[in-house]
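Notes follow the structure.
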Amino acid sequence: MSSSSRPGRASISPFRSRRTSAAGGGAGVAAAAHPPPARTSSGGRPSTPSSSSSAAGGGRPTTPSSSSAGGRPTTPSAAFARSTTPSSGRPTTPSSASSRAAGRAPPVAAVDAANAKENIMVTVRFRPLSPREINKGDEVAWYANGDNMVRNEYNPSIAYAFDKVFGPATTTRHVYDIAAQHVVSGAMEGINGTVFAYGVTSSGKTHTMHGEQKSPGIIPLAVKDVFSIIQDTPGREFLLRVSYLEIYNEVINDLLDPIGQNLRIREDAQGTYVEGIKEEVVLSPAHALSLIASGEEHRHVGSNNFNLVSSRSHTIFTLTIESSPSGENDEGEVKLSQLNLIDLAGSESSKTETTGLRRKEGSYINKSLLTLGTVIAKLTDGKATHIPYRDSKLTRLLQSSLSGHGRISLICTVTPASSNSEETHNTLKFAHRSKHIEIKASQNKIIDEKSLIKKYQKEITCLKEELQQLRRGMMGNGYIPPTDQEDLVSLKLQLEAGQVKLQSRLEEEEEAKAALMGRIQRLTKLILVSTKSSISSNVSGKASLRRRHSFGEDELAYLPDRKREYSMEDDDVSLDSEFSVEGKLDSNNPDESLRFDRRNRRRGMLGWFKLKKSDQLSGLSTSVDSESTASGSPSFSRSSQQKHPLLDLKDGRRKSMTRKGDDPALTDSFPGRTQAGDLFSAASRARHHLPSGTTIVDQIDLLQEQVKMLAGEVALCTSSLKRLSEQAANNPDDSQIQEQIEKLKNEIDEKKSHIRVLEQRMAQSLETTEDPAIRTEMSQTFSKLSTQLSEKTFELEIMSADNRILQDQLQAKVSENAELVETVAQLRQEIDNLLKTAKNEDNVASMQSSEPSSTSSNPRDLANEVASHSKMPSRTTEDHTESPLKSQVLLQAAEIENLKLDKLRLAEEKDGLEIHSQKLAEESSYAKELAAAAAVELKNLAEEVTRLSYENAKLNADLAAAKDQTRSSIQSDTKRRDQENGIFVEELQKELVASCQREAVLEDTLSQRARRESELLKVIEDAKCHEHDLENELANMWMLVAELKKENSQEDLFQFKATQNGYHSSKSDTGRMMSGMEASDNRNWDGVSVSTYEEAKAAYNVQRRRCKELEGIVSRLKGEDLRGLDVKVLEELQNFHVEALSKICQEKMANQVL
């Protein structure tokens, strides 16, 4: 790029998504639109950006992620639809393929999804240039070239291809739909999934994963999607558990449980896990998001040069999903999967200029991210033998995911700024390496508890049948007197031991069955099912027993609609439009803006969901909000403060939060909803279809939680009512305050009635308890309540002692204050007296001074004389000594000044004492309120203790009756066993005789079998000897055949024809012989041939007889039941010998013919 075009880059928009510079002319655009395939070396490896840029003479860009010339496509999306040019088989990038004309569309080769290897899905998201970067003069160094390419502005030859590249204007909803939705859907089907964001600090990782009010992140969208899938899946039951942890300075902390610090990583057959991590069962999106918000409160954050609120730790939000078929005739398969949503801390360079603790945190963050990069490099290398998972806690926890067990989606967040060009390049290299990791996603299935129960039931039935068969067999055998008393006793002991063992095994199986049934019943209430399966049953009026816990559309309505994120014109629907201008903080104050950002960041995931609810106190004025929150009761919990965000403000900083609160009609038409009210309404709605496996204790626990929530809301409304009453006393003519007071009173009465209804339901549940197991649980609950009662009593005693001490201190201060008031009054009287005396003395002095003035003729001379007296005291002392009256006046004036100072000091002390007494009065009133509340709670606990003691007495009576019944049944069982023992001894004797007979028969059978086996072994040895002889004779015959060949090679003289045994011989024509051969010579040759034929015939007959013998032996062996002999081997030997003899005879005939 020429230097003349660089000055124009200062005006580049931060939302720029592709290079549009005209300096390069048409060649640059063509290169960007049609990048050529990658250049490969001789070994077929893809070229790096540096090598490709140095090798390309014309500056043609290459793709680093491309493979060899005839190999795989450049992008993972091309694994499913690969584009090839007609001239060569080289793959092209999706940008080049999309830019081709429609008429020249290349052929598409479909790849079977079952056989294709699946890789990690890697996406890149650009954030826009920040105002700080724009003010600093940064330029766009990296940009998105199409939907799958990232290019460098200064070196177009450096380009990377990924599954998807998101520009700066892309919404988080769009990122979730492409990068994370398939992972969430797979997790709901039993496939483990992991989604994590990677990038440098201040690149937008936390914004992508958590989001804000206007644009929710991946985690809240995934939570919404999970519950939406459950709602759309009426055929399955789901159980959801969540855990939330952070890795801070290589230490694992539990964010849901602040006590869980420095946890350890363990490993079992299923993979790695964190020991002692807290898991919460969630029932709704609100519940899950509230847990995330509470976990964010404990996460470590800090500030650096790039970000005011920077994440200083890695966080892992794990959602464990269990699902099973909801039908009764299911196969018992349970799918178990984990969805890990990870927000990594950003890598830091020296540009952050951190010191002290921040530098230490950055070193740990860089170390873990470096280990993650090393592990990914080792995984993609293919030659590495050791992968350093244990070098970092992060890679240790990600070992199962990086090993390929589940789906992984990597979202790399990058900044296009030129000042971070090197960091962005490193992030792209990391993403490029991660793309080559292969994964094998498969469903995780476990055996359901119901199937285990069926298995145990079948096994118990089989054991009982075996026991019955054993007893029937012992009863069926005849009686034979025992031959030996010792054998009888030993057999009896063995049978008793076997019976005891069998009985204990049956008891263990029954206990295991009962434990599993109890676990199933306790977990039934935590199972989530869709409400779509119960529509028809609700219409017909029949209660569905399969419905555990369901959530409706009102729960999902709190979350923003998916379609809202696709359009940028729906800002009027967003929550920011509901905030008034007065509620915004002053951006000029950096401290308040920092606190505002931090508060918004922590509540960002719940703010957009909670603010959808209309506030029950939206009609309150600004002064009421500020006063009620500034002096709220300290007994309110943090959860109650989170439920009412309008009451969380201090000093009136936030005014009216919604525009709906300004209109009283809207306030009346949309009454406020609270969490406790929702729970109460849900409990009242579900009263007719309680779950079949829910125990009384679980119901009581749920009702107690609802009562606690309602009590907190009642306390909050009472505090607001108190503030409004004070305002009404000051402004009795304000009708709006009176209406609000009436509303609050009605709401308090309604909540109290709800509390009474819940307490009545708890009492009814306790009265209808008849199950012994539930009674045992009630006794345990009673012991816990008694312990809590003792603790509360102790705390109350401590509070009363503190109250007495405070009252004593208050009385002492009041007495001191009274003494000080008396002292002040006395001092005032003394001051008045002194002032009166001083006035009198002044009058006397004036009278004395009037006498010399009358003697003087001129007043001016008298004034000059007085002035001279005042200027020259020595002169006055010489003329006249100072009178004692004037000295007294001066002393009294000094004393008056001291008294004035003492008066001011005493006034200040009085004000301080009044303030202190006021504080003590407030503390005393607060202590009285606490004492009253404690007295009420103590009264309730006493009533509950009396009720539980009554129940305990009932249980003790039932237990005594059960013990008496058990004792009587044991006595009857002992008598019956004594009667059965006599019969059992006779049965044992019979069984002993029958076992002796069976042993004798078995010994005879074994001896006969041993003899037969010995005989068979002898026969086999004989057969082997025969086989050896046959082999020797066969060798002799081959020698004979060789001799015959030598004799017949000289001349073909004779031909023989054998009429017996199928042999033929004839004399050959003697026309070719010499005319001088005599007949005697012919006779001699004829004799030799006849003798050779006779020998061959004899040998053949011998071999034929032996073959018949072997056939007879084989047939006899086949007729016998001999499992130890190999009949096939004997038949193969027989066939071999027959073939050998036939070949010998054929050779003989052929030689004779020749």
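The backbone N, Cα and C atoms fix where each Cβ goes, and this holds for glycine too.
Swiss-Prot annotations:
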type	residues	note
REGION	1-109	region 'Disordered'
COMPBIAS	1-14	compositional bias 'Low complexity'
TRANSIT	1-21	transit peptide
COMPBIAS	29-109	compositional bias 'Low complexity'
DOMAIN	119-437	domain 'Kinesin motor'
BINDING	GLY199, VAL200, THR201, SER202, SER203, GLY204, LYS205, THR206	ATP binding site
COILED	441-523	coiled coil
REGION	620-674	region 'Disordered'
COMPBIAS	628-640	compositional bias 'Low complexity'
COILED	734-761	coiled coil
COILED	801-845	coiled coil
REGION	838-885	region 'Disordered'
COMPBIAS	846-857	compositional bias 'Low complexity'
COILED	894-967	coiled coil
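Restricting the average to the coiled coil (894-967) gives a pLDDT of 82. Cβ environment of SER203 (ATP binding site): ARG127, GLY346, THR413, VAL414, THR415, THR427 lie under 8 Å away, each six or more residues apart in the same chain. Within 10 Å of the C-beta atom of GLY199 (ATP binding site) sit 26 other C-beta atoms, taking all shown protein chains into account. The 10 Å shell around the Cβ of THR201 (ATP binding site) contains 24 further Cβ atoms across the protein chains shown. In the three-state DSSP scheme, GLY199 (ATP binding site) falls into the coil class.
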